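Engineer: Please find one structure pasted underneath; my questions will follow.
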Amino acid sequence: GNHTFLAEFFLSGLSSHPELQRLMFFTFCLVYTMTVIGNLLICMVTVHPTLHMPMYFFLRVLSFLDISTASTVVPKMLVSFLSEDRSISYMGCVTQLYCVVFLATTEWYLLAAMAYDRYVAICNPLRYTVIMNTRICLSLVLLSCCSGNVVSVVQTAWVFMLPFCGPRMINYFFCDIPPLILLSCTDTSLYEKQIITATVLVIFTPFCLILVSYACIISSILKISSADSRYKTFSTCSSHLIVVTLYCASGTLIYLHPKSSNSQDTKKVLALIYTTVIPTLNPLIYSLRNKEVREVLIRTM
């Protein structure tokens, strides 16, 4: 009888210090602008005829996912910096959680597909165009999206089946699983185990595939006689490893201990990494370090 339907939640935001709100607004507004412009440039540049390779197709999809992730979280966060009204409707919270989990899971599986693409390109260069044909590339992207949708539907349904009868203040800057289950007034131990299981399946399974791919890649790189060729090949792969490491570390630390209330501020920083920082860095460490992309971008501009 104490379980009432909540019409809305309230987001605490990143900081409770009023003097920092405007500074944070301009900082994250700049970051969001850079994210959108940088990833839009990659989307436009990679359709150039000279860049019709699977790697650039995956980069285009990755840029679209990065724009979508940032757009799901950052605009609402920007509004909260300048407004005292930090409410979010119940359905708005459901939608935001679904989108965040869907986009994060899809991007994680896409990174695994990109690692496989790099493995084929380096370890089987003569058969690269045969193995990574258009049908395979589309299938890998579709499989990533389907996996993201299944995980997101299940996780969102599980969270909002919990009874929320306590305070409506979410100690976060967007609707996410760890802060939401802290608002539940029932025993969530079973659900916490389910989150840990999902984290292992969603993060560590692709991560293991990525590690296997790069173990084979490094083995092939070491066999290259030319030092310049080794450096160029390793440089191409190192950018992918940087993103994978950031993604894996932040996701693992957030979701392996979902109900650890003492680390909510730490989780906010980690959540900023995969919702704001990584989408901003991806165009820089993936594409603008690539000579072919830089040349096409300069000609296009």
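Each position is counted from 1, following the chain as shown.
Glycine is no exception: its Cβ is also placed from the backbone N, Cα and C atoms.
Curation plays no part in TrEMBL annotations; they are all automatic predictions.
According to TrEMBL, the transmembrane segment annotation covers 23-45, 57-75, 95-116, 136-161, 195-222, 234-257, 269-288. Look at TrEMBL and you will find 38-286 tagged as domain 'G-protein coupled receptors family 1 profile'.
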Engineer: Taking pairs 6 or more apart in sequence, does the count of Cβ pairs under 8 Å between the transmembrane segment (57-75) and the transmembrane segment (234-257) hit 3 or more?
Structural biologist: no
Engineer: Could you give the residue numbers and ranges of same-chain residues that sit at least 6 residues beyond the transmembrane segment (95-116) on either side and whose C-beta is under 8 angstroms from one of its C-beta atoms?
Structural biologist: 55, 58, 61-62, 65-66, 68-69, 72-73, 76, 88, 140-141, 143-145, 147-149, 151-153, 155-156, 159, 174-177, 180, 202-203, 206-207, 209-210, 213-214, 240, 243-244, 247, 251, 274-275
Engineer: I need to check the long-range neighbours of the transmembrane segment (23-45): which residues 6 or more away from its ends have a CB within less than 8 Å of a CB in the stretch?
Structural biologist: 14-15, 51, 59-60, 63-64, 66-67, 70-71, 74-75, 77-78, 81-82, 276, 279-280, 282-284, 286-287, 293, 296-297, 300
Engineer: Same chain only, please: residues at least 6 beyond the ends of the transmembrane segment (136-161) with a C-beta under 8 Å from a C-beta of the stretch. Say none if there are none.
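Structural biologist: Distant contacts of the transmembrane segment (136-161): 54, 57-58, 61, 94, 97-99, 101-107, 109-110, 113, 116, 177, 180-181, 191, 194-195, 198, 202.
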Engineer: Can you give the mean pLDDT for the domain 'G-protein coupled receptors family 1 profile' (38-286), rounded to a whole number?
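Structural biologist: Across the residues of the domain 'G-protein coupled receptors family 1 profile' (38-286) the model's pLDDT averages 85 on the 0 to 100 scale.
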